[in-house]
């Protein structure tokens, strides 16, 4: 049935489903650039299926007059963000993938969905979802975990890509119970160089590609894509997103509006952990804009520049340690940790601390020295 659906959607594209839009031009460009690791027609079918729900998604993210008034007031206190462009290919995943236009074929710009995940997204939009599906705990959980650690190999990856991938993996391994091993096990992540930065989400139980293409050779970008491979979707797709940020749809590229779908309370499991502005899995404030102005504005506008951090944060370490059951290694010792910290799964005698706190038990204030 899925093969039939793919052929049908491809026919829709050719006959006018997407072929008469500007999106089709970007998709054509992206299709020409994709090499053999991804099925082009399958990606096109998925993109068309999500794009076909654009009206429902746009209705979901459109602000009420009252919400629009709040946004306009908040925008007055947002300081224009002026960033020096260091990387000619782009200084964020969104920019890099946008230049190659591979983002037009991927979910939320850098995710390759499985057929099951596509069905779950459709169910969410249509209000039919019954199971837990969030970036962190989909309905295949715990089968989607790397329960024995993550094996990785390098395809056509350059020495630079190999280096940043290993360093990105260490950002997750250092403070979790998840180990990374280089090898050729049947279930593994194969790091390759193709157009853009992208990954599947979770363990597919077979060799699965993760691309760190031209412009993606940074530790932060590698850690973000590894986060997807470990099972994380984007923070800004959480069901409670609208309690923390507002979407400024007037600044978002029209063909990107359907990429800002959020999950629902019935499908979203965040383990009670608060929204994380500083998450490495959160896109920057001006992602997917056509005019350089913010597409996402925190209600507390001082966090605007925090969005799109290149560093793994305390809260996502807590999220992943909870998701993988790492906290069970230190049962009965959580009370030692103060200020919301938690026992280190590799050394239960010390704690992993939130920002601003340190010491063995997070009981010491950390003072920034300017």
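Positions of Cβ are set from backbone N, Cα and C atoms, glycine also.
In TrEMBL, annotation is done automatically, which means it is predicted and not curated.
According to DSSP, residue 225 (active site) is assigned to a helical segment. If you look up TrEMBL, you'll see 225 marked as active site.
The Cβ of residue 228 (Zn(2+) binding site) has 110, 111, 199, 200, 201, 281 as same-chain neighbours under 8 Å, each 6 or more residues away in sequence. The annotation Zn(2+) binding site is assigned in TrEMBL to 224, 228, 234.
Among the features that TrEMBL reports, domain 'Peptidase M12A' is placed at 134-331. Taken together, the residues in the domain 'Peptidase M12A' (134-331) have a mean pLDDT of 93 on the 0 to 100 scale.
Sequence annotations record features per position, and here TrEMBL assigns signal peptide to 1-19.
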Other same-chain residues whose Cβ falls within 8 Å of the Cβ centroid of 224, 228, 234, the recorded Zn(2+) site, in sequence order: 93, 110, 111, 199, 225, 227, 232, 233, 280, 281
Distant-in-sequence Cβ neighbours of residue 224 (Zn(2+) binding site), under 8 Å, six or more positions away: 93, 110, 168, 197, 280, 281
Spatial separation of residue 234 (Zn(2+) binding site) from residue 225 (active site) - C-alpha basis, Å: 11
Residue 225 (active site) CB neighbourhood, other CB atoms within 10 A: 25
